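> TrEMBL lists these features:
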type: SIGNAL; residues: 1-20; note: signal peptide
type: DOMAIN; residues: 31-88; note: domain 'Chitin-binding type-2'
type: DOMAIN; residues: 91-140; note: domain 'Chitin-binding type-2'
type: DOMAIN; residues: 155-218; note: domain 'Chitin-binding type-2'
type: DOMAIN; residues: 228-287; note: domain 'Chitin-binding type-2'
type: DOMAIN; residues: 288-352; note: domain 'Chitin-binding type-2'
type: REGION; residues: 350-369; note: region 'Disordered'
type: COMPBIAS; residues: 357-369; note: compositional bias 'Acidic residues'
């Protein structure tokens, strides 16, 4: 019963990333942002004014407003298009506009000047400024991309995340963000958790807490406002350093997150997904994912002596067997190195391990026979 409960918990924690490739809109990684906000949060789209995403435990779910309505991410609801200032995916951003400026969504800091419903000119904001969609003017700020592109460009997370809500970061567990409403528009405020050794921002609790694997599971080092980490060889694969069942495929110069079927890990040496027990994932990834037992092998090609304790939240605590023993996952304890040679071929986490690599250490769990 305990094993089933543990498995269910882990599947709940990891399952949200087991459905397919990340949802990308230009330099906006919708899937990554969804991991950094509370479940139920609605995010705007930068490809269509009618589209929005609902962040669920299983990832972002795309939804659409009815005909004639546009999504207002600031109010988290659909309203008549005439009542919503939205320019994403609009063929003529100047439609219905006169003697005013509107953003050029294809370039950060870009704008169009509208006269009688048509563009009468275009340009870019000065250096160290960007175009604010709330005030419809150039304001101080920085742009990650000032060149024109065929894709839409997310200038600020505050263009898709509703204001007044704290959210986390995918590159740092301690970092939090907040979109503040000011007289000059929405401003992204950021900070770090540091007081009283509570160095992790907990998205669900909306507060700084102690660091743990589950609280920091959103940290993938894939930027929130970048489509993916860049790469050079199209089709090349690379393992996720923390999640055994995730890997990346280089697609058009960008690493796109891809997910193994439930119960499988990405085998770093083979270059594809295989069943958890025989897979040799990248060293350091959390093998508590899809585990059905409390103790599991860590990836250890040296002597197979390191292992994880998996709590009910799927958090992993690293331990090591005593000298001259290895960890046997099926027996849930440390066994004599005499049996290591028969264990290694059937357990990919210990591929290449030999008894000669053993070192005397502490923190043991011995096999009770």
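Note: Cβ is positioned from N, Cα and C throughout, glycine not excepted.
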> Need a quick answer: max count of Cβ pairs under 8 Å to the domain 'Chitin-binding type-2' (288-352), which of 31-88, 91-140, 155-218 is it?
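Ranking 31-88, 91-140, 155-218 by Cβ pairs under 8 Å to the domain 'Chitin-binding type-2' (288-352) puts 155-218 first.
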> Mean pLDDT over the domain 'Chitin-binding type-2' (155-218): what is the value?
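That stretch averages a pLDDT of 88.
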